Amino acid sequence: MSKVLVLKSSILGGYSQSALLVDHLIGKWEDQGATITVRDLAGKDVLPMVDGEIASGLRGGAELTARQQEMLDLSNALVEELKANDTIVITAPMYNFNIPTQLKNWIDFVARAGVTFTYTENGPKGLVEGKRAVLITTRGGAHKDGPTDHIVPFLKTFLGFIGITDVEVVYGEALNMGPEANQKGISEAKQSLDALTV
């Protein structure tokens with residue numbers, strides 16, 4: 001039975017179009033027997049912003065403050081959750097040409113040298129291998145494959161850096177460019193999601 005981790009990152013709650021799309025995928029994959037864990041990074045599972053104290057604590061050590069130990073334990077749990085699943089589904093709405101802060105916080109908690117990647121004499125090597133990722137990215141305008149789409153290249157780089165190179169991307173494009181464009185963008189995204197198997 002396939003295990004799936006879903007990361008929601010929209011700040012828009014019930015108005016979120018990326019959440020609408022990922023919920024469509026969740027329903028489809030649950031019907032196929034997948035075990036799905038949902039982490040709502042902008043809702044009930046919001047993470048702290050990584051500051052200097054936390055960043056230092058994530059390196060470990062014998063003399064951590066209580067806050068550093070708490071954040072290290074949280075990071076370890078997030079990494080364990082990531083490694084325990086077969087497929088990672090990431091929602092990435094475009095906010096001012098970038099990913100939501102809440103998603104970047106998760107990345108900062110799981111991107112750890114010696115834990116999810118390592119440096120070798122031949123360069124960096126990812127330690128989270130044998131996984132698949134699905135990116136669901138929504139945006140108000142039309143940015144796919146253009147110079148204003150920084151989201152997909154960034155997330156593919158991050159995922160590849162930690163060892164996840166099997167990445168599929170589903171786009172919800174031009175969602176704020178009028179009712180017809182919205183309907184078309186959502187419909188095309190759902191068709192792409194329907195083509196994915198768990």
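Note that Cβ sites are derived from N, Cα and C of the backbone, with glycine treated the same way.
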*Taking SER9, SER10 as the options, which does Swiss-Prot list with SER16, GLN17, SER18, MET94, TYR95, ASN96, PHE97, THR138, ARG139, GLY140, GLY141 at the FMN site?*
SER10
*Within 10 Å of the Cβ of GLY140 (FMN binding site), how many other Cβ atoms are there?*
18
_Around the Cβ of GLN17 (FMN binding site), the count of other Cβ atoms that are within 10 Å_ = 22
*Any idea what DSSP makes of GLN17 (FMN binding site), helix, strand or coil?*
helix
